[in-house]
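Student: Not my notes, these are from TrEMBL:
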- 37-502: domain 'Major facilitator superfamily (MFS) profile' (DOMAIN)
- 33-60: transmembrane segment (TRANSMEM)
- 72-96: transmembrane segment (TRANSMEM)
- 127-148: transmembrane segment (TRANSMEM)
- 160-180: transmembrane segment (TRANSMEM)
- 321-343: transmembrane segment (TRANSMEM)
- 358-376: transmembrane segment (TRANSMEM)
- 388-408: transmembrane segment (TRANSMEM)
- 414-435: transmembrane segment (TRANSMEM)
- 447-466: transmembrane segment (TRANSMEM)
- 478-496: transmembrane segment (TRANSMEM)
């Protein structure tokens, strides 16, 4: 979607000539440097998504430090999570103008800056700007290029590559939760955020690994073709010059013209030497104007690509099943995020900190989430099983766990429910496949971007809503009940709309037959 012909590294034809050598495919496609891209994307998921899943540890520290309501404090984590996904469609504009590598490096610097500035926070509202907005935008500027580059480097094994890279979310949630807890205990939450900001600078290294595709063999071949054509053109000019000079009359006229040209050139050189000081000033002005014009052309071109990619997909909203899918996405992701933000405090209220310190519940979700992605992907690839049915069953399991979580008040029961939440949330790996089945391959990129943006809105409002409900009722039970019921509404819409669409498609041929 964001790749140009130079980025992908293929020649799409139109320049072929007789006798030219066939263009070899890039060896880095589905191999070679492509696996370094997967490794880079894996690290990005650890450092960004994993760190966001560990924000429940910092949420407790912020509550004790600033003595604000849980709803207000939860906005810090939700802003960071939500903005990372919401800005995805807009980051495409930067990718179109600067490329994935530069966008990711700038995002890594911005993310690290957000973490470091948050270490000096004087209040929750300060964290809204530094951590929620600054670090959130930086995360989005790294996250989207990491996904796009894997898609560019892989053609045959794209699903495997995306699956391997996204497992970094589970590993990151497990590692970052343990790391954040250790740093907060040993150094305090402010120094922990400062250290995390230094660790986030590794995102710039991940961005540097996102090398754009530009195969040397294609470049050298185009250079050979171009040099051959220039050589033939030069030979033709020399041959024509020799034929002209062969005639005596024409050769005399050519000599006169050459002497006249030399006189004109001498006079021009004298004028240029005389006005050298003035011309240097004008050259600087022309260079500035040229640079500004090039930037404006690049911005306009990138904006045109971005606008046609996202706002040119209005036909998607005529698909009722896809609209139901968007409504589902608005409710689904918050049900997965709320436990990560509020579980540490729930454990504290149930007087289970000693057991949770040995093996945190959020770490259980993260580890089982990895296996859930792999196992659900394998099951959905079986020829006798529908991916849509696996997707719905996983959603039903997850919403059931969300509704029953408040009833569990022992560590063992909470651990079992958290394990089921982690496994059933592995349906995230099936979302691109389900989206493609709904809208087709042509609109997959645009449709998936819209779904991710809807997930970002869900992550933005879910945790603050749960905290606000706690501030009113002094319990988290109603937060899980309400979010679970809204999630159930989205699942029911996914069940109803395909049935209605099939019924309408059956009635249309019947009406045509009656006419």
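The count begins at 1 with the first shown residue.
Including glycine, each Cβ sits where the backbone N, Cα and C put it.
Could you place the listed features in the three-dimensional structure?
Tutor: Counting same-chain residues at least six beyond the ends of the transmembrane segment (33-60), those with a Cβ under 8 angstroms from any Cβ of the stretch are 73-74, 76-77, 80-81, 84, 104, 111, 139, 142-143, 146-147, 149-150, 153-154, 161, 164-169, 171-177, 179-181, 184, 189, 192-193, 196, 199-200, 202-203, 206-207, 209-211, 340-345, 348, 362, 366.
Within the chain, the transmembrane segment (127-148) has long-range Cβ neighbours (under 8 A, six or more residues past its boundaries) at 1-3, 40-41, 44-45, 48-49, 52, 62, 75-76, 78-88, 91-92, 94-95, 100-101, 103-104, 106-115, 117-118, 121, 162, 165, 193, 203, 206-207, 210.
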Student: Kindly say whether the transmembrane segment (478-496) and the transmembrane segment (388-408) touch, using the definition of 3 or more Cβ pairs under 8 Å where each pair is 6 or more positions apart.
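Tutor: The answer is yes, given that the two segments have at least 3 Cβ pairs within the 8 Å cut-off.
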Student: Averaged over the domain 'Major facilitator superfamily (MFS) profile' (37-502), what pLDDT does the predicted model reach?
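Tutor: Here the mean pLDDT over the domain 'Major facilitator superfamily (MFS) profile' (37-502) amounts to 77.
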Student: Counting Cβ pairs under 8 Å that sit 6 or more residues apart, are there three or more between the transmembrane segment (160-180) and the transmembrane segment (447-466)?
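Tutor: Contact between the transmembrane segment (447-466) and the transmembrane segment (160-180): absent, because fewer than 3 Cβ pairs are under 8 Å.
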Student: Are there residues at least six beyond either end of the transmembrane segment (358-376) with Cβ under 8 Å to its Cβ atoms? List them, or say none.
Tutor: 50, 53-54, 56, 163, 166-167, 169-174, 177-178, 181, 339-340, 343-344, 347, 390, 394, 414-415, 418-419, 421-430
Student: Count the CB pairs under 8 A between the transmembrane segment (447-466) and each of 72-96, 388-408, 414-435, then give me the winner.
Tutor: 72-96
Student: With a Cβ cut-off under 8 Å, give me the same-chain residues at least six positions beyond the ends of the transmembrane segment (72-96) that come close to it.
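Tutor: Counting only partners 6 or more residues beyond its ends, the transmembrane segment (72-96) has Cβ contacts under 8 Å with 1-2, 48, 52, 55-56, 58-59, 62-63, 66, 103, 106, 124, 127-128, 131-133, 135-137, 139-141, 143-145, 148, 301-303, 305-306, 309-310, 337, 341-342, 449-450, 452-453, 455-464, 466-467.
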